[in-house]
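I have placed the structure first, in the form of structure tokens, so that the comments after it can refer back to it.
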Amino acid sequence: MAAEVYFGDLELFEPFDHPEESIPEPVHTRFKDDDEEDENGVGDAELRERLRQCEETIEQLRAENQELKRKLNILTRPSGILVNDTKLDGPILQILFMNNAISKQYHQEIEEFVSNLVKRFEEQQKNDVEKTSFNLLPQPSSIVLEEDHKVEEACAIKNNKEAFSVVGSVLYFTNFCLDKLGQPLLNENPQLSEGWEIPKYHQVFSHIVSLEGQEIQVKAKRPKPHCFNCGSEEHQMKDCPMPRNAARISEKRKEYMDACGEANNQNFQQRYHAEEVEERFGRFKPGVISEELQDALGVTDKSLPPFIYRMRQLGYPPGWLKEAELENSGLALYDGKDGTDGETEVGEIQQNKSVTYDLSKLVNYPGFNISTPRGIPDEWRIFGSIPMQACQQKDVFANYLTSNFQAPGVKSGNKRSSSHSSPGSPKKQKKESNSAGSPADMELDSDMEVPHGSQSSESFQFQPPLPPDTPPLPRGTPPPIFTPPLPKGTPPLTPSDSPQTRTASGAVDEDALTLEELEEQQRRIWAALEQAESLNSDSDAPVDTPLTGNSVASSPCPNELDLPIPEGKTSEKQTLDEPEVPEIFTDKSEAGHASSPDCEVTSLCQKKAELAPVNTEGALLDNGSVVPNCDISNGGSQKLVPADTSPSMATKIHSPIPDMSKFATGITPFEFENMAESTGMYLRIRSLLKNSPRNQQKNKKASE
């Protein structure tokens with residue numbers, strides 16, 4: 001019954017299955033006469049022989065197909081069985097008779113027994129339908145019967161599988177075996193039947209077989225971690241139940257580390273260096289197409305690569321442009337000097353984020369930014385691109401990068417250089433004073449006590465231009481030496497550290513003044529400073545303003561002025577200050593009080609007293625009044641800042657550091673109004689502090 005149903009594989013043979021009477025006769029074959037030959041010398045006899053051989057081959061193939069169809073009918077299983085409910089209905093059972101003595105002997109009896117069961121069930125179903133209907137679901141399983149009855153029943157476990165599973169249907173022949181599905185497909189769904197049981201083969205070879213004359217280096221396997229105490233791989237050494245053997249543990253640990261080093265000898269303590277990477281990829285160069293790359297792209301050396309035409313539309317590669325970019329540290333250095341030109345507001349920070357490029361790193365791409373070599377056609381129309389652009393040429397692109405991305409140190413040409421600025425400009429005055437005062441400050445002793453107010457006033461002092469008219473000098477002061485500004489085209493003055501200037505200044509100082517006269521001039525300077533301090537106390541400005549000279553004028557002692565300063569540094573400062581208007585006190589009402597000129601201060605520095613140079617400049621207070629400002633910066637030079645009451649001139653000079661008065665904006669003073677309970681707390685706990693362990697140890701040491 002089941003053998004008549006086939007899977008459908010017979011349809012493969014339908015194109016070759018023709019009845020004998022339906023075989024068409026060849027109508028296109030025409031033979032010539034026997035005496036006629038073909039142009040190639042082939043006669044009809046040979047053609048007939050070939051045709052006969054072909055017909056014999058066809059007959060053999062048809063006979064072979066018939067044999068295969070017969071075998072296919074034998075090997076195939078029933079298919080096309082449709083089951084309404086797969087949980088309640090299905091094939092009765094599946095029996096596979098293997099090559100066994102029992103199956104050969106009881107083959108017929110087993111088939112008859114199954115047929116009798118089916119007939120008896122059909123008869124019961126006709127007589128009583130209710131008895132044959134079971135409420136319980138069938139138990140789909142396949143049981144493997146063991147032939148060995150000596151095994152105890154307690155140990156025997158039934159190997160139950162799901163319904164319709166493949167137990168195995170392998171047909172073994174002499175030279176091959178055929179593994180055919182032994183279970184019919186249920187509802188044409190192969191998922192209801194399990195797949196094949198893939199056999200597991202034992203590994204015969206454990207080593208790689210190499211070719212003749214070649215040696216294969218097999219990487220040693222990393223040893224498995226084990227207990228160094230007992231050698232077991234099931235637990236670690238900390239969980240070992242055996243007593244510890246220190247000698248064995250150290251020996252096994254050493255063997256394990258040596259084995260790990262041999263297994264990972266290539267990657268053990270290996271470092272990567274940039275030179276190795278460069279050597280590895282050094283043969284690849286941008287813009288250069290090797291023969292291997294040409295073969296990979298399918299182009300020759302007589303044509304441009306396709307990506308060149310695409311680059312004309314997209315532009316220069318951004319990745320290689322990034323390689324040509326010069327890196328900037330991004331650090332900004334503020335030295336306190338005014339480098340602005342009045343274009344930025346006070347307190348504004350100028351961030352220089354300019355990007356520069358190294359033009360030598362620009363890549364040459366023939367056909368894109370340089371001309372195409374001779375003999376290579378420009379096929380931009382075929383690739384749907386554009387012709388070479390003049391703006392993409394290498395020299396044009398380099399000029400664009402140079403003009404639009406300048407170096408950080410290059411300034412624009414619209415700013416005036418310092419040589420063309422007027423000698424009396426405030427900016428030049430500040431630069432000259434800083435350049436003259438800084439060498440003297442650098443050579444002072446670092447352990448000297450410097451007033452705090454002088455440091456703050458030096459770092460935050462404001463330097464307006466000189467006043468229009470000058471007040472008279474104090475009594476007993478020799479007239480200053482006026483040096484008019486040099487006209488344009490005149491060579492500069494002789495440097496102050498030149499031998500001629502140093503010799504002349506030294507001769508005047510040594511012959512003109514004695515030690516008593518120098519001490520008298522020093523007393524006059526101190527008297528002028530004390531009177532300036534009294535003027536500051538009468539003004540409305542706060543006493544602790546960093547721009548005033550109160551803390552400076554009252555703090556230094558004569559010992560602080562006895563500082564060794566080189567003669568060249570002092571004369572240099574004097575020479576730089578001479579082209580300007582003489583520095584004087586700007587308080588017109590106090591005409592009789594001022595400091596001595598620079599020549600006297602220079603002579604003080606060159607004697608044994610070694611006094612510091614004094615620049616008689618005035619300090620500008622917040623209320624507009626001018627007082628002398630004795631600024632001993634780093635314990636060195638004394639500087640009096642010139643004053644100007646014009647606010648318009650003061651606002652034009654900018655500093656990268658805000659004014660000191662702006663640091664206290666929005667800060668309210670703490671008046672200690674609600675601190676009545678907190679006062680006197682130290683007096684209350686002083687007795688406890690005396691009994692502290694630290695004080696007790698000190699008392700013990702003192703008593704010992």
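Just so it is clear, glycine is given a Cβ too, placed from its N, Cα and C backbone atoms.
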Scan 114-138, 514-538, 614-638, 639-663 against Swiss-Prot and say which stretch is down as coiled coil.
514-538
Please identify the range among 43-78, 223-258 that Swiss-Prot labels coiled coil.
43-78
Report, as numbers and ranges, which residues of the same chain sit near the zinc finger (225-242): CB under 8 Å and 6 or more residues beyond its ends.
248-249, 252-253, 256
All-chain count of other Cβ atoms within 10 Å of S692 (phosphoserine):
10
